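*Asks:* This structure is in structure tokens; I'll ask about it shortly.
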Amino acid sequence: MEVIHMIRYIGKRTILSLITLFIILFILFLMLNFMPGSPFNDTKMSHEQLKILYHEYGLDRPLAERFLIYVKQMLTGNLGVSYSLQTNATVTNMISHTLPISVQIGLQASVVGSLIGIVLGFVAALRKNSFFDSMATGISILGVSVPSFVLALCFSYIFSYKYNLFPLLYSSSEAFRSTILPTLSLCFFTLASIARYSRSEMIEVMEKDYIRLADAKGITRFQLVCRHIIRNAMIPIITVLAPLTVDLMAGSLVIEKAFSIPGMGSLYINAIQANDYNVVIGISFIYSLMFIGTMFFVDLLYGLIDPRIRIAKRGK
Amino acid sequence: MTHEDIILSINNLAISFKSFSGRVRALRGVTIDVVRGKTIAIVGESGSGKSVTVKTIMRILSKNEKIESGSIVFNNKRDNEIVPIDLLKLSNKHMQREIKGKKIAMIFQDPMTSLDPTMKIGKQILEAIFAHKKIKLKAAVEQVHQLLETVGIKNIKAVMNAYPYQLSGGMRQRIVIAIAISCEPDLLICDEPTTALDVTIQSKILDLIKKIQKARNLSVIFITHDLGVVSRIADQVYVMYAGKIVEYGTCNDIFYDPRHPYTWGLLESTPDMAYLQERLASIPGTPKRMIGDVKGDQFAERNRYALNIDFRMEPPFFKVNDHHFAATWLLHPKAPQIRIPESLRKRIDLMKEENRNG
Ligand SMILES: Nc1ncnc2c1ncn2[C@@H]1O[C@H](COP(=O)(O)OP(=O)(O)OP(=O)(O)O)[C@@H](O)[C@H]1O
Ligand SMILES: [Mg+2]
């Protein structure tokens with residue numbers, strides 16, 4: 001019973017996600033169409049030459065037609081070719097070369113950020129008004145208010161330039177070590193917001209009647225924290241994980257630039273600057289996909305931990 | 001009353017809260033004796049300190065709470081021997097392991113919020129059992145069945161597998177009661193257990209508590225501001241106002257021979273007692289927060305019958321009979337003879353009549 005409902009729910013969500021993606025794609029197309037400039041910004045090119053190029057890539061056709069062709073191609077896994085960055089290289093290829101390192105850093109940052117953030121917040125809540133609590137609050141304020149690229153600069157100055165512990169810029173010969181500073185700079189915002197949020201959630205839960213009742217049973221403090229407080233505090237925390245992950249994606253653009261990481265973020269920025277339409281659309285699409293995927297995943301997780309939602313879904 | 005008869009005695013308990021506007025003196029010397037196997041009710045308006053009193057017994061303290069003075073002595077019965085324990089002096093660990101849930105259990109006001117929303121009912125009851133009993137899971141589950149039967153739940157299997165939000169308020173309060181009695185406590189504290197429920201369900205829950213009290217010979221502290229409820233359940237009544245007990249006695253004493261003007265006010269404003277089709281009187285004004293040092297009788301400002309001395313000195317307890325005391329200067333031999341309000345007099349007479357006939 002439960003499995004069937006689960007599958008049905010996932011199916012429904014998938015269809016909704018696909019529709020959302022389709023709409024996003026269309027809006028992207030529209031926006032790029034109205035953006036000034038063209039992918040072929042070489043001033044030496046004559047009007048005639050430009051016209052030929054436009055014709056060659058089908059850019060002279062009406063917007064609707066181009067959109068349909070794009071979607072048709074996309075369904076076969078073809079995201080078009082790059083116009084200017086790496087002329088005629090397929091976008092799929094370009095993305096598949098840059099995506100792994102970006103995903104790696106993004107995942108590292110979100111895992112490190114949320115885990116440390118949650119632990120920090122929980123311990124601060126349990127020792128409310130202690131020295132540790134003030135310290136955690138300090139870290140949170142710092143992390144939320146200092147932009148990631150400033151952190152990136154500080155970290156590189158201290159750990160790479162002064163003490164030479166990590167490579168200053170990305171180097172493929174030291175792939176993992178090169179990701180540590182970017183991960184740290186990237187995760188700090190997530191870590192700080194999660195710490196602050198977990199602390200206040202936890203404090204709120206500790207004041208609840210059901211915690212009083214559980215405590216009145218005579219269970220130990222440890223049992224109370226593990227079985228009741230953390231579990232209930234986790235529910236709202238999980239909901240903020242999704243938007244924070246999105247923040248992380250945005251932050252990765254800057255961080256990749258700062259550390260010269262050959263990731264998708266760097267490619268994205270370059271493509272936008274060069275008006276390389278297909279690359280921009282391709283990467284935006286991948287970002288949207290990751291975003292929607294994250295929301296979906298978090299939603300499922302949420303259902304797993306909160307029976308009210310789980311059952312409500314089953315009912316529908 | 002002999003020492004053995006009393007299971008819990010709160011002596012001169014004073015508690016304050018730190019707040020921005022100063023020290024809030026929530027309890028100002030509360031003394032209450034709970035007789036073993038009997039039910040006492042604590043009544044009083046909102047803010048009079050009823051919850052603070054019982055929360056302190058259960059050591060559910062706020063961060064800004066300070067125990068100024070007093071003791072809470074629990075006369076623990078072990079192998080027919082009585083061992084007095086001052087609960088205020090116990091360590092948290094000891095309190096948790098030996099007292100809470102095992103000797104003293106509590107039922108909270110709002111069943112909608114007293115159960116953990118993420119845990120199945122069965123598990124929540126099991127947790128209470130395992131907190132103090134070292135038994136096999138199977139035996140514990142068997143106990144859960146019995147408990148649920150005791151509190152009048154029919155479809156036991158389904159309820160055990162349900163989450164709190166799937167149950168009604170009345171059902172949830174039954175579960176809370178089941179949890180409270182799961183380790184056979186000697187003292188049960190009920191802090192307005194029926195206030196949040198529908199009237200029809202209120203009376204069922206009340207009957208249930210009464211039934212369990214009788215069957216297990218429990219001692220009960222029952223908090224309410226509904227005197228109608230008190231008359232149904234209590235053996236003894238403590239009337240509380242502004243962090244002090246102002247009158248106490250048996251149910252008969254308080255209902256048929258009330259002496260404190262505050263008790264008069266409470267009785268007059270009880271709808272259950274409105275046998276006559278009169279408009280309900282209510283006590284004028286609201287209780288004030290006691291911040292900093294206080295002088296005189298706190299009720300004086302709202303008291304129609306206040307004497308001059310009420311504004312200067314707090315009245316001591318005057319004895320009405322062996323079990324009935326009231327803290328009001330009106331009982332002083334030199335006080336003017338002030339009689340109970342006429343409308344209340346009539347009502348009490350009617351009640352007496354009815355009791356004689358019924
Ligand atoms: N944590 C706290 N901080 C400050 N003051 C408090 C705190 N808890 C209780 N008080 C004060 O203590 C007094 C007594 O509160 P208490 O909750 O015991 O009232 P009550 O008699 O149970 O009322 P009710 O019928 O509304 O439950 C109130 O004046 C309240 O403002
Ligand atoms: Mg209360």
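Just so it is clear, glycine is given a Cβ too, placed from its N, Cα and C backbone atoms.
What TrEMBL shows for this protein is this:
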| type | residues | note |
| --- | --- | --- |
| DOMAIN | A:99-302 | domain 'ABC transmembrane type-1' |
| TRANSMEM | A:15-35 | transmembrane segment |
| TRANSMEM | A:105-126 | transmembrane segment |
| TRANSMEM | A:138-159 | transmembrane segment |
| TRANSMEM | A:179-198 | transmembrane segment |
| TRANSMEM | A:237-259 | transmembrane segment |
| TRANSMEM | A:279-305 | transmembrane segment |
*Asks:* Grab the same-chain neighbours of the transmembrane segment (A:279-305) for me: Cβ-Cβ under 8 Å, and only residues 6 or more beyond its ends, written as numbers and ranges.
*Replies:* 10, 13, 17, 20-21, 24-25, 28-29, 32, 70, 74, 79-80, 82, 85, 91-92, 94-95, 99, 231, 234-235, 238-239, 241-242, 245-246, 249, 264, 267-268, 271-272, 313
*Asks:* Sequence-remote contacts (6 or more beyond its ends) of the transmembrane segment (A:138-159), Cβ cut-off under 8 Å?
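*Replies:* Distal contacts: 120, 165-166, 168, 181-182, 184-186, 188-189, 191-193, 195-196, 199, 251, 254-255, 258-259.
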*Asks:* May I ask for the residues of the chain that lie six or more residues beyond the transmembrane segment (A:105-126) and have a Cβ under 8 Å from a Cβ within it?
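*Replies:* Distant Cβ neighbours of the transmembrane segment (A:105-126) are 132-133, 136-137, 139-140, 179, 182-184, 186-203, 206, 225, 230, 233, 237, 241, 244-245, 248-249, 252, 255-256, 261, 263.
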